[in-house]
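Chemist: Sharing a structure below in structure tokens format, with a few things to ask.
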Amino acid sequence: MAPKRKSGVSKCETKCTKACPRPAPVPKLLIKGGMEVLDLVTGPDSVTEIEAFLNPRMGQPPTPESLTEGGQYYGWSRGINLATSDTDDSPGNNTLPTWSMAKLQLPMLNEDLTCDTLQMWEAVSVKTEVVGSGSLLDVHGFNKPTDTVNTKGISTPVEGSQYHVFAVGGEPLDLQGLVTDARTKYKEEGVVTIKTITKKDMVNKDQVLNPISKAKLDKDGMYPVEIWHPDPAKNENTRYFGNYTGGTTAPPVLQFTNTLTTVLLDENGVGPLCKGEGVYLSCVDIMGWRITRNYDVHHWRGLPRYFKITLRKRWVKNPYPMASLISSLFNNMLPQVQGQPMEGENTQVEEVRVYDGTEPVPGDPDMTRYVDRFGKTKTVFPGN
């Protein structure tokens, strides 16, 4: 008898018992820096690079340029003056290193601001380094000699406390005020102090974190580094990086290369959005101090910083509705007046009545009626 062919389906076949899992959907719409972030703009002109540098602001301004009338101190501070007592500490403004900052204007992207979506520049990455570290090898100047007895050896190089911070953002850097001693008397002419912002003398809370002592880095060479620090509670639209090395004889340590790129994107893949077609750069680079030979006076030394920023275009939802633009236009046409206070703590407004719809005539028109915070109508009955 001939062999019978086996019937049925091959046993090697396996059926999928259940559907394959699908990736869970994730939110595409992000709100970043006050903007609703949409897709990227693609194309040959959607990426641009900008190179710039910031010079140090150690206390001595760029002018005068004469090397005999103060220009020789550019890049340095003037001699640091010590306090005579705990209650008499008044440093000179030209001895205080301050923040360097600048705003780079970017090409305009939107001719029509009435559209639902707008294009905006987004900072993607930055290459940066401190320039001029080789100048610290100068050991033949008129500084304090290493052999103080015979005035021989070499000139003491720059050394001491070092502070390096740089920031790239779509808005000015947010700063938090914090000082070592609230009794310090900073001069308000020429620099921005905590008293300049709060209009009050410093208090003990300014030696820790005082929530009201905040500012924005909106002026170059005006915000002392020992007073103003990057605010970690803000700066959502800014990236900052920094390090500090303390000590009276700490040697400067610097690494420099043109191959290191710092990515500015956050965990959602979005970088600082440049509002108003402008990107803001900020930095401080303090290398230490030099000690003069005659009077043992200390001068802070700062170096410039180079930036190369890469930006790309991104679509965002228009944050400026036409109603608000027209409203601000009409409001700006009205004259600005300064009258008596009608808002705030010293308001002179006694009573405000708001009517909505109609109702039967009440028997007691003076009865207090109001709507509470939950939207319910309340009536206060008169007492005896």
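From the backbone N, Cα and C atoms, a Cβ is placed for every residue, glycine too.
Pasting the feature list from Swiss-Prot:
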- Thr358: phosphothreonine (MOD_RES)
- 322-384: region 'C-terminal arm' (REGION)
- 4-18: motif 'Bipartite nuclear localization signal' (MOTIF)
Chemist: Using all protein chains in view, find how many other C-beta atoms are within 10 Å of the C-beta of Thr358 (phosphothreonine).
Modeler: 5
Chemist: Write out how many residues of the region 'C-terminal arm' (322-384) are helix, how many strand and how many coil, based on DSSP.
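Modeler: Grouping H, G, I as helix and E, B as strand yields 12 helix, 8 strand, 43 coil.
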